Amino acid sequence: MKLLTTGLLASAALVAAQEQQVLRADEVFGKAPLPDASIFDETIKQFQSSIEDGISHFWSEMKTNFKDYLPMISLPKKHNRRPDSEWDHVVRGADVESVWVQGADGEKRREIDGKLKNYDLRVKSVDPSQLGIDPGVKQYSGYLDDNDADKHLFYWFFESRNDPKNDPVVLWLNGGPGCSSLTGLFLELGPATIDKNLKVVHNPYSWNSNASVIFLDQPVNVGFSYSGSSVSDTVAAGKDVYALLTLFFKQFPEYATQDFHISGESYAGHYIPVFAAEILSHKNTNINLKSALIGNGLTDPLTQYPHYRPMACGDGGYPAVLDQGTCRSMDNSLERCLSLIETCYSSESAWVCVPAAMYCNSAILAPYQQTGMNPYDVRSKCEDMGSLCYPQLNAITEWLNQKSVMKALGVEVESYESCNSGINRDFLFHGDWMKPFHRLVPSVLEKIPVLIYAGDADFICNWLGNQAWTEALEWPGHKKFTEAKLQDLKIVDNKNKGKKIGQVKSSGNFTFMRIFGAGHMVPLNQPEASLEFFNRWLRGEWH
């Protein structure tokens, strides 16, 4: 769904602990027992001798104040795996990997590239009448299994409402990291939402209006996914996504011939460059990747972090949330923040990337969160921090936890939660947050178009920062893209033709959009506008 603020809380907590030396870690991270970190003492001691004073001091404070939380891992979910006989289809990765064909040069090669032998895909045909979601629309759910690593990723597929034999296929990924893509399904762009009475409500602006959509709960231990192990960085998750798509299209070759697009929001700004690059790295594949879409993403922190102060202090098109004194304090902290991020970019080591995330989030992002305003929409207060400021999530979570729903989908875990804060901490404490995944975008742009869109009322991944990193990105089309002017984006597809919904600039394979009146989740706040640009993008406009 969104960039979780758990990282901000952890960062702010560390700063408070440095000042007061009284803050208890269990009050910040919860009371679940975790392994003792004494094994890290010697490692940290040795490392401190080779790093700069600021970073060394940070790790000393971490070891003192959060000793029990350094070896952070997300806890496994209770689950009960169903036998293969209860599934409608089971696709063996080993079978796919064993198929060889003769190429045009007469040489034998594998039909499909990639390390697939450890993966299986289990498929259940979902009866729409049981759930009341899009009756008449074909649906599948199931799990991608990495049997060696004991990882099981849940997915839910909805065929296009329009022309499934010809319409493209889209993968949707929520962010967090650690938020279920089913939040995107029911809160934003899927075929239905859930009201406060737990009734299914049809969504006329669903993205499966003209495309088939796969919603994937990843990484493991998110949503209905589960594992006895954990994934704590973006790159590891990329291999799983490639395997899922490969086996899905192998089972359903009728979709493999159609255009495929990968999309997502928030921390998917990390995921999508990696996942797209992984897919494009394979020469022989059944994934017909045509474009990538990132909404309100975190992709290039070094370029994006300077734009938090302007967005919070009245320079982003909305009234200031913070007072002038707090804004000056953020300005004063920025130089050190950027220096830490630059060091992270140079080494990409957790030892330096974690301090960058902790310091920058506490100094640059946390002041906004402490106001009680919604970090995902500067126009409103946070109604319920427990539901990430969106109380609608409570009904969605309750509906998905019904035994009848779980049975209809073939779910193997005991419960569902919209976001797993443990996953968020895993990624944060492994240094993933600040890594420069934007460096993969130029190679992606060489092969496919990329759309960066941003609701202009979001703070946490705001439009100022997203426009800035797209214009700063070094790639062959940089000069022309930077010189391109923002043009009005208007509706052309329905009765509201001519209505202004945002601004767009495009050159070559790169496009940036600012969507008016939308927060972090554009399809939630502006469903008509989101379906408008989505359909036009899939048709090839702007690229």
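Each residue, glycine too, has its Cβ placed from N, Cα and C.
For S266 (active site), the number of other Cβ atoms no farther than 10 Å from its own Cβ, over all displayed protein chains, is 29. The active site annotation in Swiss-Prot covers S266 (among others).
The active site annotation in Swiss-Prot covers D458 (among others). In the three-state DSSP assignment, the secondary structure recorded for D458 (active site) is coil.
In three-state terms derived from DSSP, H520 (active site) belongs to neither a helical nor a strand segment and is classed as coil. For H520 (among others), the entry in Swiss-Prot reads active site.
What Swiss-Prot records for C179-C419 (among others) is disulfide bond. Other Cβ atoms within 10 Å of the Cβ of C179 (disulfide bond) number 31 in total over all chains.
According to Swiss-Prot, the disulfide bond annotation covers C313-C327 (among others). If you take the C-beta of C327 (disulfide bond) and look for same-chain residues 6 or more apart in sequence within under 8 angstroms, you find R309, A312, C313, A320.
The 10 Å shell around the Cβ of C360 (disulfide bond) contains 28 further Cβ atoms across the protein chains shown. Marked as disulfide bond by Swiss-Prot on the basis of similarity to another entry: C337-C360 (among others).
Proximity of C344 (disulfide bond) to non-local residues of its own chain (separation of 6 or more, Cβ distance below 8 Å) is seen for V352, C353, A356, G431, M434, K435, P436, given in sequence order. Look at Swiss-Prot and you will find C344-C353 (among others) tagged as disulfide bond, backed by similarity to another entry.
The disulfide bond annotation in Swiss-Prot covers C382-C389 (among others) and rests on similarity to another entry. Here the Cβ of C382 (disulfide bond) has 19 other Cβ atoms within 10 Å, regardless of which shown protein chain they belong to. DSSP assigns C382 (disulfide bond) to coil, not to a helix or a strand.
Around the Cβ of N210 (N-linked glycosylation site), a 10 Å sphere holds 19 further Cβ atoms from the protein chains shown. For N210 (among others), the entry in Swiss-Prot reads N-linked glycosylation site, with the evidence type sequence analysis.
According to Swiss-Prot, the feature N-linked glycosylation site maps to N509 (among others). Look at N509 (N-linked glycosylation site): DSSP puts it in coil. Neighbour density for N509 (N-linked glycosylation site): within 10 A of its CB lie 21 other CB atoms from the protein chains shown.
Positions annotated as signal peptide by Swiss-Prot: 1-17.
Cβ contacts within 10 Å of D458 (active site), excluding its own Cβ and spanning all protein chains shown: 32. A separation of roughly 5 Å, to the nearest angstrom, links the Cα atoms of H520 (active site) and D458 (active site). Around the Cβ of C389 (disulfide bond), a 10 Å sphere holds 22 further Cβ atoms from the protein chains shown.
In the three-state DSSP assignment, the secondary structure recorded for C327 (disulfide bond) is helix. Fewest other C-beta atoms within 10 angstroms, among the disulfide-bonded residues C313, C337, are seen around C313.
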